[in-house]
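Let me begin by presenting the structure, written as structure tokens, before commenting on it.
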């Protein structure tokens, strides 16, 4: 099958045996992880092209034992590129994705630019890989919370449609980029030494502190942009357009793995045992649910791991009907929440599955 | 009125003009704050007696410009004491509270020993001070999350009975004592220097990490002891015996203020504006709800403050009926969550109001 853009329902696979892959935003926190995932997973690429802002051009990055120079992104960057992994913010995606598609590449975009575009599939491979068949050159990689949450929710939702979801998040610094991670380290070091620290990257002090997510606030509804994204994207990925979702997104002083408390209501009573079985059998998940040892999902154990951790499964005492389950989830924001999911999408584009 | 124990419904006030106050567990994290609250609030005591384990006896602590020696607690410690503030764990309270009452003192107990005893009122003065009238020598000070949450919930509950509550907590190190706070500092310093650290006080690594609350787990229900306490105590303080409460208690790497995401369901639609008015007018609360500046309750601003901070008020999108509100609350675990509330109870015992 050849690479074409014509028929809407056609699955435009990447057919090069050893595709050329470009990373846009290679020097960012997610860019670094994209390199790592491509290498760790033995992604069958013939050439890796690293693109970034002119400021970062000229740097070199290490990949498969070689140094690769970072080039400045421009309209001609995508010639000969089969897969372009974008991770440089919405503005860059909106500006350059069309050029990449025009040059023949399939774009996997980690920004929010196209996530709600009906012509762009929003994909978590374990959950809705079939949506890839609709792509027309661009595939959107979801918000980190939505990606991590849906891996844990989908196995339950498939067996027993979820009717209502309540979430409170515990989000790591990495979601705000490498500079936020460094601000967490520096401000914490200052605090331990009794020194003052002026936050530059995040709007509030971060050392031993937490705060409502720093995404833009919709003043009318009182929900911030992070919460709005998670609601819309979770619905889209699960194929549950009307699912009521209540959510509070909080930034906590953790470096790179997100956690979340989820409460899920079904139409009927779903036993903890059945939920455990469903989650245990599901791809991309690891059940960490040891009541005797008080061992449940933690950012420290999710960091650097491909699998999303799920546990603390129990019948929710807040629902007198007994039809709700509570659980706690942790996943690496930079991996399943970003780079890993993008590379998994790219793998599916190659295999056509 | 004299201090008596006889009639069950009688309000046994402390009538000494300048009572003798004892602190049991004076050298602990809460004990230190009890001294601070008594001093800051100008509590009209004639003498302060500091009691602790034999290990701490002989230390001195500073109060109103003087050094006071710490004495070893024994059965005779309460002679002449009018008010005994206990904060040395359930075991000590169970062992010594009766001796204190027998010696004529009123006990304000910060442990969980008597909180669910129907003969012992469980009191948050802003919420249910009237319950003090039932005391027979012991008044229980609630669990820190229950105390902080009920200050924020009661003004809404009085105007519109709460029908369901969902909570996710972000709990500070201080709830596990001074040693846990120190472990958070030491393990974080080690982490920043790339050194390993073996947790001693808490069961899991704490630096830049979070974990399910370390209270004992009920293996049958999957709820831990902290969650069970918050559920039972919140119901008791609000006078809502059957209120369905779902809760996930999480320990976060914050030093001394607890935060919580609360979702509250009513029988009818309650507007955000009305909720704001009710909370703004309520004692012990400060509304921090600035959507334009993305400024909401944070542990850093709640620490060292008497008031509980409440904000991020919004209509919960997880409830299609529109009858639920979401909010975020932060309060100093050592103050309103422990020492301050105990001293406020003692003040009511003096004033008889």
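Cβ atoms here come from the backbone N, Cα and C positions, even for glycine.
Annotations in TrEMBL come from automatic prediction, not curation.
What TrEMBL lists as domain 'Semialdehyde dehydrogenase NAD-binding' is A:20-135. The NADP(+) binding site annotation in TrEMBL covers A:27, A:28, A:29, A:30, A:55, A:56, A:174, A:175, A:333. Annotated phosphate binding site per TrEMBL: A:115, in sequence order. TrEMBL lists A:144 with the feature active site, acyl-thioester intermediate. If you look up TrEMBL, you'll see A:171, A:251 marked as substrate binding site. Marked as active site, proton acceptor by TrEMBL: A:258.
Reported as a whole number, the C-alpha separation between residue A:55 (NADP(+) binding site) and residue A:251 (substrate binding site) equals 29 Å. If you draw a 10 Å sphere around the CB of residue A:174 (NADP(+) binding site), it holds 26 other CB atoms from the protein chains shown. Within 10 Å of the C-beta atom of residue A:171 (substrate binding site) sit 25 other C-beta atoms, taking all shown protein chains into account. Residue A:27 (NADP(+) binding site) sits 19 Å from the residue listed as 'active site, acyl-thioester intermediate', taking the CA atoms of both as reference points. Within the model, the domain 'Semialdehyde dehydrogenase NAD-binding' (A:20-135) carries an average pLDDT of 97.
Applying DSSP to the domain 'Semialdehyde dehydrogenase NAD-binding' (A:20-135) sorts its residues as follows: 35 helix, 31 strand, 50 coil. Cβ neighbour count within 10 Å across all protein chains ranks A:144 highest among the recorded positions A:29, A:144.
The Cβ of residue A:251 (substrate binding site) has 27 neighbouring Cβ atoms from other residues within 10 Å, across all protein chains displayed.
For residue A:115 (phosphate binding site), the same-chain residues lying six or more positions away in sequence with a CB closer than 8 A to its CB are A:122, A:140, A:142, A:143, A:229, A:232, A:233, A:236. DSSP assigns residue A:171 (substrate binding site) to a strand in the three-state reduction.
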